[in-house]
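Positions annotated as UDP-N-acetyl-alpha-D-glucosamine binding site by Swiss-Prot, on the basis of sequence analysis: THR12, ALA13, GLY14, SER196, GLN291.
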Amino acid sequence: MSPSIVFTGGGTAGHVTPNIALIKEFRKEGWNVEYIGSVSGIEKEMIEPMDIPFHGVSSGKLRRYFSLKNLLDPFKIVLGIIQSSLLFYKIKPDVVFSKGGFVAFPVVVGAWLNRIPVVAHESDMSPGLANRLSFPFVNKICLTFDAGKKYFKRQDKIEVTGTQISSQLLTGNPMKGLEVCRFISSKTCLLVMGGSLGAGSINSCIRSALKQLTSEFQVIHLCGKGKLDSSLVGVEGYCQFEYANEELADLFAASSVVISRAGANSLYEILALGKPHILIPISSQVSRGDQIQNARYFQGLGISVVIQDELLKADVLLQAVQDVMRKKDEIDNKIKALKIESATDKIVAIIKEQAHVQTPRIV
């Protein structure tokens, strides 16, 4: 009988894309794979095309700010735990892997109630709320950065691994990327990414600076679902996508500089691909500040050029692009010195090891 694994994680693509890299590895080795996510999250549309059984459960948002919706969240979380527990009783997987996000906590607790071992993964410098709450119920947690260890009491549960990256992303073809965009090879390409949901401030800034940017560069713009600007279709040197899946590796390969939010997964991919970059972290007014922390760390190493979201304007962005181009060789060398690589093999080994470990009855 083939071993089985359940994956969970969702809310944004950053909690799903790393799972996809692992799913491909486990399917290649003959494991049965299923996924538990939120009922209406982005994870469903990302996972279902892979022909994997998807189960939606109730989940609370785990907000850190006051909202009347917070009054309902505990009930949603309890319902999610019950639904997950019943699913696990039926599926009986050997192990569960959690990538975090608000759906993960009820799934992790449901697995613990069924004595199913859980391996979690945290991408950021400091753990998100879902992983903080899940920590007592997991067997192991894999961290991207060593700096994250200080936030957890049980050091024996921690493995610093890095982040899993799809092997496909590392083998992009620059000529194919240029061909998709109908670009020429003699002009430098910039790749702009605002995350799976898009980034309004980045989109607006790129479009306001487009005339100046395209006079010197070619711009590949991943602007988010529903965020395309029809008035810019056909502008020479500019190619916009809602998001990129199969072609993302080629678009990365075609680009010399990346402009991006500072989510840990995207940042890790950018570093693994050795791309000089500009980071525009989400403001702490609308987030827990994890992207700011990620960006500051690599800015301190002289690797990342960082623009505060509140200060993002066309002239500031144009100056940052010029700064990166001027220091490109220096930045290239500093990124190479980090020796960032995909952690897929390490994490797969930990998951397999924990599949045979008894889950403790007391947290």
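Each position is counted from 1, following the chain as shown.
The backbone N, Cα and C atoms fix where each Cβ goes, glycine too.
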Which of THR12, GLN291, the listed binding-site residues, has fewest other Cβ atoms within 10 Å: THR12
THR12 (UDP-N-acetyl-alpha-D-glucosamine binding site) - helix vs strand vs coil (DSSP): coil
For GLY14 (UDP-N-acetyl-alpha-D-glucosamine binding site), the number of other Cβ atoms found within 10 Å of its own Cβ: 23
Cβ neighbours of ALA13 (UDP-N-acetyl-alpha-D-glucosamine binding site) where a neighbour is any other Cβ within 10 Å: 19
